[in-house]
Amino acid sequence: MTTSLPAPRDGAVLSTPAAVTGPSTADLQRVRAFADVALDVIGDYYGLDAAVAVNPLLPRLAAGFGVAATEGAAAVGAAGSIGEAGYHKLLRSGRVRRADLAAALRRRGTSSDAGAGADSDDEIVEAFLAAAPSIPAAPELDRLTERVDDRLGRFARSWFADGEAAWSVRGGAGFYGDWRALALVDPTLRPRARRLLRELPERADGVIARHLAGRRLDDTDALELLGQHLARTPGWTSALRRRSSVERDIDAVEFLAVRLALTTILGAPDPAAPVAPELSAERLLVWQEAAEAATHDALLRALRVPARGDAAGTGEDRRTPEAAHIVCCIDVRSEGLRRHIEAVGPYGTSGFAGFFGVAARVTPLGAGAGLDSCPVLLSPRHAIDERPRPGAAPRARTALDRFRSSLAWRGSLRAPERSVGSALGWAELSGWMLGPLAALRSVSPGALGEATRPDELRSAPPTLFDLDSAMSVDEQVLTAETILTTMGMTRHFAPVVLLLGHGATTTNSPFRTALDCGACGGHRGASNARIAAALLNAPAVREGLAARGITIDDTTIFLGGEHDTVTDRVTIHDTHALSGRHQVVVSALRADLAVAGKRLRRERLADLPGGRRAGAEAEVARRAADWAQVFPEWGLARNAAIIIGPRDLTRGVDLGRRTFLHSYDPEADTEGVALTTILTAPLVVAHWINAQYYFSTVDPEVFGAGSKTVHNLVGGLGVLTGPDGDLRIGLPQQSVMTREGHHHEPVRLLAIVDAPLGRIDRIIERHDIVRDLVLGEWVRLVAPAADGHGWVERRADGWHPRIPTDNTDQTTDTKEAA
Amino acid sequence: MTVEGLSPMTKVEVVVRSSDADAVSRQIVSAGATGYTSLPGVTGLGHHGAHDGRALFNDQDALTLTITVVPDDRAPALIAGLRELLERRPGVMFVSTVSVSRPHYFQ
């Protein structure tokens with residue numbers, strides 16, 4: 001077949017002079033492709049209804065960390081590192097050792113920065129420091145461009161969060177069409193601007209085509225120009241990216257059309273080209289490697305290098321029988337609980353992604369809609385409903401009636417606030433009643449009862465999850481097998497195995513879902529834990545598992561539970577029908593978890609601003625109920641590593657709640673199936689979290705959400721700083737820093753993988769995502785050396801010895817547990 | 001190849017990373033195609049080596065094959081847009097003539 005294609009483009013992006021004949025349909029399709037590619041200036045923003053941590057420079061993953069953190073960050077006007085001055089400060093304080101800097105310089109070769117020809121560490125370092133770049137000039141601000149940003153932001157806010165608006169701006173014509181219709185009658189626009197607007201094409205792609213045609217740009221420049229426009233509002237662009245793939249009611253073409261139309265009618269220039277990054281990619285990589293050496297080395301020194309053939313870990317031969325085994329989420333906050341509960345009693349622990357392999361849309365009892373309770377890397381495979389247990393229907397009805405009444409009461413209280421005409425009058429009318437309550441809540445958080453979420457049932461009736469309606473028995477068996485084999489738990493089951501999800505109880509915190517379980521899609525983890533436990537208890541599933549070689553004794557029962565990471569209280573669910581023996585074990589476990597939680601609370605409060613170690617239980621309860629609290633907990637701040645291997649690697653080591661822990665038994669996974677799953681999913685999620693904390697710390701203005709104290713909510717979409725402006729993506733300042741400085745240490749993720757090198761290499765070779773992460777230096781991957789002596793690190797050119805230096809003179813958070 | 005009694009059309013098949021599949025489908029829809037078929041998790045061997053299917057817990061680390069059929073007169077614009085996309089994203093495109101039995105489905 002021969003298709004007549006449009007003429008190749010020499011110079012100008014459009015094949016036909018748009019001003020004369022109008023763009024051809026082929027040109028418009030090209031323009032659409034340009035707009036889509038230009039979106040790559042920033043990654044997706046998932047909103048606050050189900051906040052998910054993500055690398056804001058994810059579209060530049062393949063370019064590698066060095067290039068992304070310099071050129072990619074500069075493209076959106078951001079810093080991708082703490083900068084030359086920040087690194088110098090660390091050097092002066094001793095946090096970066098000159099020996100580490102020299103080692104990074106030697107290892108990374110002899111660039112001009114590295115001081116070629118120098119011999120001693122001091123000479124190399126001095127040559128490097130002498131080559132410090134000058135600070136780039138600040139970008140020039142253009143008043144008209146800022147007016148374009150401002151008008152675009154205001155319309156985007158109204159259009160994106162349409163459900164929250166008293167008066168809708170949507171007219172069903174799409175983002176550009178709706179804006180155009182309003183702008184044509186907008187009295188705040190001058191008549192000349194409205195006349196210019198009438199002359200613009202009615203099609204969104206036509207507006208872009210006309211804008212580019214007027215500038216006679218070649219492909220590269222046209223693409224850069226569109227990227228520069230989108231980079232003026234990285235927050236809205238980021239939200240647009242996600243929305244164009246999910247709701248699909250907007251795309252880059254529509255958004256750019258409004259932006260370019262505003263530019264035209266306001267007479268604004270195109271945005272200036274981004275200022276060159278302060279650091280070269282190579283210089284950044286040298287500094288960053290030196291800056292994270294102390295933290296990573298301390299961790300490596302604390303671990304025992306495993307030798308192949310070790311009988312270690314999770315489902316393997318355990319040294320002492322366990323009264324119960326607790327499987328926690330890989331979240332760094334679980335490390336503290338695991339460490340403490342192991343110290344309290346004869347318990348074993350494992351780590352697994354907190355959705356427990358159940359990729360489902362879960363509809364809790366009383367909820368109007370289902371929640372995607374799985375990592376955003378996955379689409380839900382099943383829809384599972386929570387229902388009252390047999391015999392509990394009357395209680396459920398009562399609870400639901402109360403719940404709905406409560407929602408209706410809240411809704412009627414808030415309805416007048418939302419109405420333009422009645423908000424002030426309602427404040428006058430209701431102030432006598434609500435004012436004292438507000439004062440009481442402010443002065444004495446928790447006085448009105450324990451913190452709960454308004455969208456959750458207060459008194460939950462006994463429920464179950466309807467697995468059989470959602471999954472066939474074969475699917476249940478397969479899911480159960482995946483759960484067990486991926487974490488290496490295939491034999492020697494304890495009498496009670498507790499699957500422990502996690503969630504955070506806070507009050508009035510827009511970022512509450514950012515504290516919930518990321519593996520559960522930014523939701524609380526109890527449902528997934530209960531579903532997985534029910535699955536593993538089902539007789540048909542056990543029968544199927546036995547046929548596949550996994551025998552779970554009848555004396556073993558699985559239970560689901562949840563760790564509240566604000567209060568460190570642990571709830572164990574579905575204990576109503578336990579046998580006497582199991583009741584005894586669970587009672588003891590509850591008591592020991594209370595002790596472990598108490599120890600963990602004291603440990604955590606020591607790090608929290610205003611944390612008082614005396615009365616820790618009351619303090620965390622107060623924080624959970626305090627509607628003005630900006631530091632309910634630290635979340636995943638200070639995360640620095642993921643350890644994929646058996647618990648024997650880390651048991652007894654205080655990892656300072658800084659490591660993701662994923663259980664893995666290298667001896668049981670000879671085909672590398674489980675490791676492939678771990679490296680293509682939990683490792684990716686851990687990297688996203690690590691990158692979000694990193695970038696929110698190094699540039700809290702562009703990649704972070706700024707201070708919580710001046711946030712205004714835009715529906716469930718996100719927050720603005722003040723009434724207008726760009727949508728704030730990333731984490732708020734109070735998640736990564738205090739007035740004294742950074743709380744989160746911006747280091748890349750160290751991935752310690754206890755597996756044969758060949759197995760890891762095969763996965764790197766076959767999976768783009770793993771290759772990009774490891775060879776692109778987003779993640780530093782370390783494994784036990786093949787000869788069992790020390791560690792080796794995977795670099796682009798193969799494996800190299802990784803010898804952790806002794807940095808006991810420096811502050812670290814990893815120490816041997818007493 | 002044309003088959004008697006059937007109507008000739010242009011079939012466009014695109015294999016890209018799953019993260020780029022939305023951009024492909026947007027091109028198809030905006031070019032006036034009445035539909036497309038999307039096959040996520042395709043496997044094979046190509047320019048960038050072997051590709052496994054969808055990972056167990058990661059739908060995004062995979063390739064997606066998107067297939068559409070359009071009348072011949074709509075094909076050039078669609079192909080032009082997809083070529084522009086594939087200049088900057090990894091992937092391949094196959095264009096062929098096919099015969100369809102219900103041409104009004106594709107008009």
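Each residue, glycine too, has its Cβ placed from N, Cα and C.
TrEMBL lists A:CYS329, A:ASP331, A:CYS517 as Zn(2+)-binding residues, and of the candidates A:HIS492, A:HIS502 the one it assigns to that same site is A:HIS502.
In the domain 'Death' (A:236-312), helix, strand and coil residues by DSSP number 46 helix, 0 strand, 31 coil. Taken residue by residue with DSSP, A:ASP331 (Zn(2+) binding site) is part of neither helix nor strand, so it is coil. The Zn(2+) site, placed at the center of the C-beta atoms of A:CYS329, A:ASP331, A:HIS502, A:CYS517, has further neighbours from the same chain whose C-beta lies within 8 angstroms: A:CYS328, A:ILE330, A:ARG333, A:SER334, A:GLY354, A:GLY501, A:GLY503, A:ASP516, A:GLY518, A:ALA519, A:CYS520, A:GLY525, A:HIS563, A:THR565. Around the Cβ of A:HIS502 (Zn(2+) binding site), 26 further Cβ atoms fall within 10 Å across all displayed protein chains. The Cβ neighbour count for A:CYS329 (Zn(2+) binding site), using a 10 Å radius and every protein chain shown, is 31. A strand conformation is recorded for A:CYS517 (Zn(2+) binding site) in the three-state DSSP classification.
A:CYS517 (Zn(2+) binding site): 29 other CB atoms within 10 A of its CB, across all protein chains. Here the domain 'Death' (A:236-312) has a mean pLDDT of 92 out of 100. In sequence order, A:GLY354, A:HIS502, A:CYS517, A:GLY518, A:ALA519, A:THR565, A:LEU636, A:PHE660 are the residues near A:ASP331 (Zn(2+) binding site), counting only same-chain partners six or more apart with C-beta under 8 A.
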